[in-house]
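Colleague: Pasting the relevant annotations from TrEMBL:
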type: ACT_SITE; residues: Asp2; note: active site
type: ACT_SITE; residues: Asn50; note: active site, proton acceptor
type: BINDING; residues: Asp2, Glu186; note: Mg(2+) binding site
type: BINDING; residues: 3-7, Arg15, His19, 47-49, Trp51, Arg53, Arg167, 173-175; note: substrate binding site
Amino acid sequence: MDGNGRWAQQRSLPRTAGHRAAETAVIDVIEAARSAGVEWLSLYAFSTENWNRPGAEVEFLMRLVRRVVRKHAPLLLARGIRCRFLGVADPRIPRELAQDFDDLAVLTADNRGMTLTVAFDHGGRRDIVEAARSLIRSGTPADEVTERIFADHLPFPDTPDVDLVIRTSGEQRISNFMLWQVAYAEWVFPEVLWPEFRAPDFLACLHTYRRRDRRFGGVPARTNGDPS
Ligand code: IPE
Ligand code: MG
């Protein structure tokens, strides 16, 4: 969800106004994904590198996320959305916010409509290092380590591989997002800044995705010798 700061800058507003304006986009996209039948939606809200931002901006984001989580908990529950939070390991995260994350996850744990993963204080490399630690602790012999077994040590190992990554604002970077899971993801980079991103923009990204020819390193279906 990129472009909040630039959206604010274009309006001569403080960066925090851009973050505040992001709330509408978040809710619109969650509703659009749910209606479109998306089963797994992940939102990258705060990276392990975002701690390098000015303290006041970080504090604002912590307060904002807390308010948004509390405000929209009833909607998420009503829509049958299971919420989980990926990351959330840094001691600088306010205790009350971590508690609200836990509460929302517990509240919505039995929902099966769509799984919403909010990546907050997330870093793909950290997840891989933590998985390696967990694997070593499990005593698995080195020769028995497979990709499947390794992936079982990542957080939320039931999460499927990522099919589509949407990064708004025209930036074209991974920025440490779910590095293991995006191995064969399709990418789209809409120019629109996140605070202006809405359901039709999201659906346009899904449409682009559907037209992609996913080969996973193979050859196109029509030339693979299949007689059908
Ligand atoms: C939101 O956009 C992303 C967050 C980490 C909250 P930015 O704050 O990165 O916006 P730009 O890139 O400065 O425009
Ligand atoms: Mg940015």
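One is the number of the first residue shown, and numbering goes on along the chain from there.
Cβ coordinates come from backbone N, Cα and C, glycine included.
Neighbours and distances for these, please.
Modeller: In sequence order, Arg167, Thr168, Ser169, Glu171, Leu193, Trp194 are the residues near Asp2 (active site), counting only same-chain partners six or more apart with C-beta under 8 A.
Counting every protein chain shown, the number of other Cβ atoms lying within 10 Å of the Cβ of Asn50 (active site, proton acceptor) is 17.
Asp2 (active site) falls within neither a helix nor a strand when secondary structure is assigned with DSSP, and so counts as coil.
Here the Cβ of Gly5 (substrate binding site) has 21 other Cβ atoms within 10 Å, regardless of which shown protein chain they belong to.
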Colleague: Among the recorded positions Asp2, His19, Arg167, which have a Cβ atom lying under 6 Å from any atom of ligand 2?
Modeller: Asp2
Colleague: For the binding-site residues listed here (Trp7, Trp51), tell me which residue's CB has the most neighbouring CB atoms inside 10 Å.
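Modeller: Per the Cβ count, the most surrounded site is Trp7.
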Colleague: If you count Cβ atoms within 10 Å of the Cβ of Gly3 (substrate binding site), leaving out that atom itself, what do you get?
Modeller: 25
